[in-house]
């Protein structure tokens, strides 16, 4: 795993805010595992409830640009307390370690841009397969992702026909294409296999509201089962409780909407 920094967070995520949340793990089992994927062993963090009856609904948690650091691991723990098997794969592991980058611009150019979407989507397929062999219900597969992972969440909803529900937090919707990123969410609006909930900040300078409206129009034109919620007072990464831009009210509302979305479409065990 990349979470070797003493704080548990990638250096580029600094400065850390005092609002960070740590979920107690007394009622859950959590740890690091290795998932075979495309000839490699992919590190991943998982969390599940200690007490469970039968196979668990599965949520794949897709990292921010900072990798599977403490915030993403805590997201997994929170989902485990809600009755899910949550898995966060380390999707940069072939290309490098986020802890080797001191700031966001060099992290983006030196690592994130080198990771092909096609590789990521295939890795997520192997995560789903691993979950089905390790106590997860293959018929109740869901995904959520944040920032970089929010964009991937949209793409995966168009990639895997077995997916039941997806929730994308402030993921990029439009942009320039490249060999590693040939499509963006706006390009796959007609191909969604599962209902997608998008959660966005009205003050997000990295995702202009014009791009959110463009995505809404594409979804309407495709008659897609999707919804986009914009929080007017929130900026980018408003759920990242370890960062200064954390917006508690929006984060809490988004979390509740995510759980309701999963319960409605994902077949969560009651």
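Placement of Cβ uses the backbone N, Cα and C atoms for every residue, glycine included.
Features of the protein shown, as given by Swiss-Prot:
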- 147: active site (ACT_SITE)
- 204: active site (ACT_SITE)
- 236: active site (ACT_SITE)
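Feature map: annotations from Swiss-Prot on the structure.
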residue: 147; record: active site; DSSP (3 states): coil
residue: 204; record: active site; DSSP (3 states): coil
residue: 236; record: active site; DSSP (3 states): coil
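In this structure the C-alpha atoms belonging to residue 236 (active site) and residue 204 (active site) are separated by 5 Å.
In sequence order, 170, 234, 235, 236 constitute the residues six or more apart from residue 204 (active site) in its chain with CB-CB distances below 8 Å. Shown in sequence order, 64, 65, 169, 170, 171, 236, 237 are the residues of the chain, 6+ apart in sequence, with a C-beta less than 8 angstroms from the C-beta of residue 147 (active site). Other Cβ atoms within 10 Å of the Cβ of residue 236 (active site), summed over all protein chains shown, number 17.
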